[in-house]
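Novice: Structure provided below as structure tokens; questions to follow.
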Amino acid sequence: MLPASFGHITFDTEICMLPGVIKVTMSRCRSSVKEQPEPVDVVDLHGYRRDRAVNKITFFLSRIMGEYNLNDSDGKDNRPSGVWVKIITGSGSHSPNGPQLREAVRELLEKREMDFRMCRGNGAFLVRVGSGIELYENPSLTDTKITFLINDRPVSQSWQPSSPNQWDREKQRRRSVTWEDEVTPAEAATMDQTQGGSRELERNLMATDRHHLNEEEGRRKEDTEQEAHEFDQAMQDDVKLGSAGVRSFSEEEQLREAIKKSLVENKSQSKINAEEEERRQYLIALKESQEATEANKNQVDEDEALKKLMEHSLREYQFIESKEKQEEKEFELALALSNEDKSMSSEAYEEMVQRVMAESLDFQKQIQETEKEENRLLLEALNI
């Protein structure tokens, strides 16, 4: 009896004594290849860059280990054991640079010494999560001292840890880069371009602000220097005038200037009052004319209304004429006072000033009385 094989099935053949007859008996069926394990989870790395793919795998494996609380165990009878996951990378046939992502994943798995298999089509890996070792970042340097310790561990003992504990998994999870899973390479390029534009805009704004600040500082410095120069020049001029004895006016000249200024202001105020009085009289006349027109309808004599209007106009003319005469008189007195000789005695000067002030007060009282009388007549005319 000779063994024969067909595909992955092994047979035992028995040649009988009869010519042309072969007796075939199946003694056993044995699989020549390993059974494919069933993955518990799948991660697809299509569209990821090299660094992001490595970070994604690290985070993914740490999560699966935490969920299943894995312990490393070897398979028995050549059968798969433990928890398996599937990492899809693509075969790289459509990439002009070849399967770069697939090779990066392969290097990571080999570096971590994990059990993995290549799937059909070379576009994915089956990885046993509980195998291999954990990779950590180097701790920051705190001292340059080197300490030598004696290694008492037997050489035959394996240095590979059986399984990372919960603290190691949490530490690895914290150190993994937390990228958003939904970000594509196009979105990553857009974000990089946006950040570059923002940095360029910020640099331009800082340069513009710095330029404006320099200009403002220069203008402020020029204004300060100009003010200091003007102040120094004014001080020098004051010193020169004080030394020459021609700087201030006497008290008589100051009083004379004050009286002239007061007379001019009174004249301006008198003109304003006269204009207001003229407008008021015009309104009174218009009101009386309207009342006279209405009274005519009620058999009131029109001549009486016209007479009242003429009387008001005459009083207004007399009032304005008296004001103008008084203002001319005050102005003449002011001119005479300004042209008066400085050698006059102080008593005569005080008497003249008091006389002018008394006349001015009398004129103001007369104006007030006239205004009161006009208001009274207006109220009587309007029957208020």
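The backbone N, Cα and C atoms fix where each Cβ goes, glycine too.
Note that TrEMBL annotation is computational and uncurated.
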Novice: Tell me which range among 62-94, 260-292, 293-325 TrEMBL lists as coiled coil.
Specialist: 260-292
Novice: Are there residues at least six beyond either end of the compositional bias 'Basic and acidic residues' (199-230) with Cβ under 8 Å to its Cβ atoms? List them, or say none.
Specialist: none
Novice: So how many of the residues in the domain 'Smr' (43-130) end up helix, strand or coil by DSSP?
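Specialist: Taking the domain 'Smr' (43-130) as a whole: 31 helix, 15 strand, 42 coil.
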